[in-house]
């Protein structure tokens with residue numbers, strides 16, 4: 001008898017993470033050295049040396065924290081790295097300095113007025129460091145005794161905790177027992193307990209218990225047993241924005257509005273009271289004001305009322321540094337009939353310092369495309385990269401970078417791990433750039449519906465033209 005062989009097939013499926021590849025996910029800073037000199041290529045930034053050096057000076061102003069209420073305009077043609085400079089600036093600032101990024105069209109809403117949307121954006125960009133002294137219990141756990149009731153009542157227990165100088169036994173309530181169980185605290189752990197909130201933080205295991213375990217995970221951390229008194233006073237710094245304080249004090253549901261997003265209109269009286277209180281905290285040394293950055297992309301989409309509000313807001317005591325980006329030349333300011341540089345009123349331009357960006361050359365485009373391919377985990381051959389660089393020069397950098405992921409899918413279809421020249425050519429023929437799309441529209445313009453509603457169906461001898469009647473709104477058909 002022949003034994004039947006049993007074969008098993010194991011399928012594994014990779015889980016997609018939350019960190020998706022975005023347009024500027026490869027940027028980790030401005031690419032400057034300690035002397036604010038820009039590197040040719042660094043931290044994901046390529047070229048634009050003058051603009052990056054100017055942004056580095058702005059970075060030092062922000063980090064000093066003494067200058068606020070300044071306006072910076074980043075102007076340049078499309079696809080020259082204006083938003084990338086702002087993203088690099090935010091990466092260099094870190095999490096301590098508030099950075100708010102909005103688009104010019106975001107402030108137009110049916111629920112909020114334009115000035116309220118701008119005010120909230122300004123207030124989000126101002127941070128407040130509030131200093132608070134709290135009592136902490138810090139020591140090494142010697143023993144935990146938990147008594148569970150047979151009838152299912154409240155648990156009771158005792159916690160023996162020590163430092164190098166003293167040892168104390170604490171009575172535990174139901175809440176503290178649940179906290180210790182949740183943190184999986186055992187004898188030999190060094191813990192910290194906030195007396196005000198009852199929050200338990202596990203700092204690590206004591207060095208004296210290092211030999212009690214034969215095997216330990218990589219996350220296991222050994223620390224020294226604390227010295228001195230068990231109860232200590234520590235200064236804790238909380239960083240919040242002015243907008244968060246506004247929301248908490250303006251609505252009945254308080255901080256829950258921060259999660260729902262339903263902040264609504266906040267009265268000016270509430271903001272005035274908060275400003276007065278924050279000024280008092282600053283004088284008493286309880287709080288420190290951190291001027292942040294408000295980045296407004298496509299700033300030419302704002303109208304004259306918004307620009308007037310920004311002019312006034314920049315003179316306020318609580319004003320961040322406002323960085324604006326635009327790709328417009330001499331164009332109309334929205335809400336007016338006159339033209340101005342970059343679509344901004346002259347009084348706001350006069351208050352701004354302007355950073356210009358220039359188009360990339362071939363070498364810079366090649367380096368940027370190589371960085372994007374590395375970020376998207378796409379392997380490009382030399383010929384494919386050369387063709388992509390040429391496409392980026394003749395069309396736009398965005399179009400060339402978009403072809404990378406498309407070409408990868410075409411390469412995978414022919415079971416290849418690297419993107420070659422035919423893959424780039426095929427994706428170039430499948431997906432049009434803006435210039436070829438305009439040529440297509442001009443060639444078949446009669447077959448598209450125009451502003452008057454006219455369209456021609458068919459070609460050559462037999463064609464039907466449909467027009468919209470101006471007088472009674474009826475459709476009319478004409479046959480050639």
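For all residues, glycine too, the Cβ spot is worked out from N, Cα and C.
Feature annotations, reproduced from Swiss-Prot:
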BINDING   76, 77, 78, 79, 80, 81, 82, 83  ATP binding site
So around the ATP site, 76, 77, 78, 79, 80, 81, 82, 83 aside, which residues have their CB within 8 A of the centroid of those CB atoms?
327, 357
Which of 79, 80, 83 has the fewest nearby Cβ atoms, counting only those within 10 Å, among these binding-site residues?
83
Cβ packing number for residue 82 (ATP binding site), 10 Å threshold:
26
In the structure shown, which of the binding-site residues 77, 78 has the fewest other Cβ atoms within 10 Å?
78
Residue among binding-site residues 76, 81 with least C-beta crowding, 10 angstrom cut-off:
76
